[in-house]
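Feature annotations, courtesy of TrEMBL:
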- Cys804-Cys830: disulfide bond (DISULFID)
- Cys871-Cys875: disulfide bond (DISULFID)
- 964-1109: domain 'F5/8 type C' (DOMAIN)
- 1114-1264: domain 'F5/8 type C' (DOMAIN)
- 759-779: region 'Disordered' (REGION)
- 1-15: signal peptide (SIGNAL)
Amino acid sequence: MGLPLLCALAQPLLSPLVPTPPPPTTRHFYIAAVEIGWDYVFTDGLQGPVIRAQAGDRLVVHFKNLASESFSISPVGITYWKQSEGAGYEDSTGGQEKQDDAVSPGGSYVYVWDISAKDGPTSSDPECLTYSYSSQVDTVRDLNSGLVGALLICKSSAFGEDGLRRSPEFVLLFAVFDETKSWYGEVGERRTRERYRKSSGRKEYHTINGYINATLPGLTMCLNERSVFWHLIGVGTAPEIHSIQFQDHSLQVMSQRKLYMEMTPMTFTTAEMRPASKGRFLISCRIHAHKDAGMNAVFSVEDCPAARGPTLHHVKHQNYDDYSDYDNAMFNSVDFQAQKPGPQIRASRGRRSSIRMHFIAAEEVTWNYASHLKPTDSLLHQYFRVSPEQLGFQYKKAVFLEYTDATFTAKKTSDGTLQGPLLKGEVNDQVHIIFKNMASRPYNIYPTGLISDLRSMGVPPNTTFSYVWKLGPDSGPLEGDPQCLTQLYQSTVHPERDLASGLVGTLLICKYEAIDHVGQMSMMFAVFDENRSWYIDQNIHTYSSDPSKVDPSDPDFLSSNIIYSVNGGMFRGREFATCQSDVTFWHVVNVGTQSDFLSVYFRGNPIKRQDANQWVLTLFPMTGETIPMEAELIGRYEYGTMDHVDPRSGTGDNKYRNYYIAAEEVTWDYGIRIPPQLIRPREMRRGMRKFLPEYKKVVFRAYTNGDFKHPVVIGELQEHLGIMGPFIRAEVHEQLTVTFRNKASRPYSFHLQGVYDKSQGGGMAQTQTDPTGVPGEAVPPGESRVYTWKITKKQGPYETEFACKAGAYYSTVNKEKDLHSGLIGPLVICRPNTLDPKLGLQADLQEYALLFHSFDETKSWYLEENLRRHCTPPCRAPLRCGAAINGYVAETLPGLLVAQHQRVRWHLLNVGGDGEYHAVHFHGLAFNTNTEQQHRAGVFNLYPGVFGTVEMRPPMVGTWLVECTVGDYQLAGMRAKMLVYDPRYWGPNLARLDMAGSTNAWMGNNIGSWLQVDMGRPTLVHGLQTQGASAGLRDHFVSLYELSYSLDQLTWNTYRGNQTQQRYFFKGNMDSSSVKDHRLSPPIVARYVRIQPLVVVKKPALRLELLGCDLNSCSMPLGLQRRKIPDGSFSASSVRSSWRHTWSAKLARLHQGGSANAWRPKNNNPHEWLQVDLQRVQRVTGLVTQGARALLTQMMVTEFSVALSNDGRTWSTVLEEETIFSGNSDPDEESLALFEPPVFARYLRVQPRGWINDIALRLEVLGCDTQQRT
């Protein structure tokens, strides 16, 4: 079938080719967007060309849009200037800086990316970092139409003398394309294209490089290669997840062994592989729900001559078009050897080492998922309803059991668990399995990720086979891995149905001498779909009270047979015992046919993973992990999943730190304050929508003390938290006390994730009676509890982590409903002596917390109340709000102001269910992650229940997007804007603010009077200067005042700054003439600024100057007045000279002194001009002009125009038509002319069009630095 998609085609040109190591160079790529027919099976290729570079390179991408829609090219993982971002949003830019956002059909654009050293790999990174580029005009439609390619940023050592990679490389794009969301899909509002009319068949394709069903050509490598690099990219607009296996091979990702690659949308991984043997091997997704989706490919390993040819990952091979079904020819050979009691299947090669013998049988049993529950337990009646349509809690299943010898008479394992026996082996061991099928149908036993493929070979009933598994070095742990790798074994005659029937167990592959030295705990989180079991019919007839009433296709019946269990038990049915101070290794696996994450929460004692203490372990389906835990706290603790799924549904020194936190009910609008009728359709499609005017919610808020009468004012440093509660910060070895009051109308609780001390954490009523519970216990409305924790070293950051790490606090009465109602806040635990004693902050950086969460109002406690208040019956409004960051959607989150080049730390939070995955992307800003070593990254994968911390030093000023880059979430509104500003302090001679920031001698009537300034547009305000006034021989001034500000005059904020007090009190003047300076730290973004006098002398009188800049920090003087621009850079059409003076062009500097103190032309006429060479192309935002005096004559230019040039030869006007700017009306005052939008030029030519008396001009050029594109 001919399905229309988009592809990117290119012919890369490297200029020049240089010897090894190649120095930084300019690399040109010519890329076009072209519409083609695509059948997902075989054609010229879908993925865009691979763009390669190293730190210091300049990438010049010439983009031509040959398609019929507007597209762009936007990279991930590198810094860039605004002119080369390739993504459009409101970022206070315009004109030339918007041309890159969307290239119209038939148009072209040149993107220039300068790869800085901070974009390249660190010493602990692989030799090339894997990123991507894509079109960002409409993220969802563009990607589903096919516009995506790979971007590799490499170390210089990765290239040879010919400029090519030294090692073979292959780029694999794991993408799920939804054709209904393509520009060419069959969606109602899109026009039909007859030439690309779709069939009514399949619409969603699980692909590798755009191919399905092993049709991808060109994956060929040589057996003698020491290393082959795979650059793996996950792509998709929905949160699909994949567990990718490379048959018979393992991969090395940095210092860790990977038998499965975990891929989600916007996952970027560089993996290294050593070809193991000749043959053809399958790359496939291991998730059972995806087994027929087609995401698989074949790679070939061949004997090659010593000299290797070029990498062939884009080459066609005509013999790769017949793999819709896989026969044995594509796998390694299998030897069969006779051995009693049956034939031996040798699934390994090489010398023997230690031999570990196991006698395992597959047997049929009756399994009770809730054997520990009593008939009177409420859980039993709630989730196991007794009815003819329900089967209850018992099922016939098949299990692996271990026996002592080949007679299979004495069991070695107990019947207390559903998972098979824990099998262990060290690297180079051989595991001998004598397998007897004692069930009624064929089964086998197969270790995933180890040996030749035996999946289709079933062992008949009452038959015995012997297997030999060799645990080779390429299957064992690496330096960065734990002592043992946790894998699975299972029956794979029919993998999905065998698994649903119960045949699965855990296999440990350990380092040498790593077995049996410490405690071992095996925990299998399994989702058994009993509907897919081989025994479903028998179970219906055995356990239904009336089998004739059972409808196997009924959704309720299907849902009731999906069992969520731990080691085969439900509802805390299994306890694990460890001793205090013992190190226990947990072997945790996620088993099931579902396609969701598993986030396991360890309460009480943290686990150690990647050299850091963590509380949550995320596992992909059919994967496992070994994690150590040192039991520090005594007691019983619960381990479970972070999801919100119904269990039976398918869907040193003692320091003290005190906080007073209340849960209180508020109304919330998700940041949308525009009336619905004023929101444009495109904005609505991008998440700017809500279905009710406002929502009642409940939030955590801070108070000053335990009487809970005075709330803490939310200042500039906390404004970004939005719906979240205040920061709770503490250091290791401190005692943390939280007094919690429930001011809401229903019970809520208080629980810290990341800190847990059962012995100290009891909630104590404020009457100081005995403890009434532990954190997480419900607190009735109107009551308070006091909780105390001792922060231990293990709860804080490791030496290899950042100084502080993220956690969270929330209510757990009903965690899902409490979260969707709004109860969540950030917790930060730091090393000792990190926080400033007075401010409670880390002094050398800025710190922000971002919660990525989709609030579902249908799961809120206040659903019915919101409907009654805002929706007239019959109410049909959909209530699920858009995806939000800190409770704000569609770029409405305030408060994200960060300083250029200064250290910024971001705490990233995801408390969603197991289906909610987010990929956090900061546009144009790479960041560092600190685990065992520092690594560079462009996207942070935020799995359910996981909190991450990253740091950056933003190199570019401007407004930048931070978003979840998974298309569906991004489109639904999970986006915010971050303003990077230049933190340099500007004196009043550098602060312009449209020249309207000074109000001379305002005088109010009394102490209640206030002064308000409207700056005309949102402005970045860094400081202010005040002065009093004299009237009637008396001084009038303001000696104390406070400042408030607003963007819309509806919502006002009182400035608090970085102080701990409720608000900041500004000390004003002590007389009428002196000037008082104040710097705002942090600065504010405002259009309206209001000064409220608090203490005055006589009457409130004020002269005011506001100091600041436009939002892009681009109204700085470029150096004419300060003589950074040399005299030789000035020129003019003519110069007036006399025997006394020469009014030369070089005198045209603002506030130039002397008797000849400006430029004057020889004649006064409109053909004269003054020209300035700014030395390089600059972003110019305006001009400040000034006249001059000659004796008693005033001279000034009242009107002028401006021409621009980059080479001094070709000139253009500021706008398309000549614009006349207003000049001066007083020769000594300054006049400001703004360029909107800003212009880019090296040469400026000012042409007077009107003047008083004579033409005389002094000026300053305002702007900032920009990229030098040529």
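Every residue gets a Cβ built from N, Cα and C, even glycine.
Structure coloured by features recorded in TrEMBL.
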{"residue": "Cys804", "record": "disulfide bond", "CB count, 10 Å": "22"}
{"residue": "Cys830", "record": "disulfide bond", "CB count, 10 Å": "20"}
{"residue": "Cys871", "record": "disulfide bond", "CB count, 10 Å": "15"}
{"residue": "Cys875", "record": "disulfide bond", "CB count, 10 Å": "13"}
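Taking the C-alpha positions, the distance from Cys804 (disulfide bond) to Cys875 (disulfide bond) comes to 47 Å. For the domain 'F5/8 type C' (964-1109), the mean pLDDT of the prediction comes to 81. The DSSP secondary structure for Cys830 (disulfide bond) is strand. Between the CA atoms of Cys871 (disulfide bond) and Cys830 (disulfide bond) there is a gap of 46 Å. Taking H, G and I as helix, E and B as strand and the rest as coil, DSSP gives the domain 'F5/8 type C' (964-1109) the counts 11 helix, 83 strand, 52 coil. Separation of the C-alpha atoms of Cys830 (disulfide bond) and Cys875 (disulfide bond): 48 Å, rounded to the nearest whole number. Secondary structure at Cys804 (disulfide bond), taken from DSSP and collapsed to helix, strand or coil, is strand.
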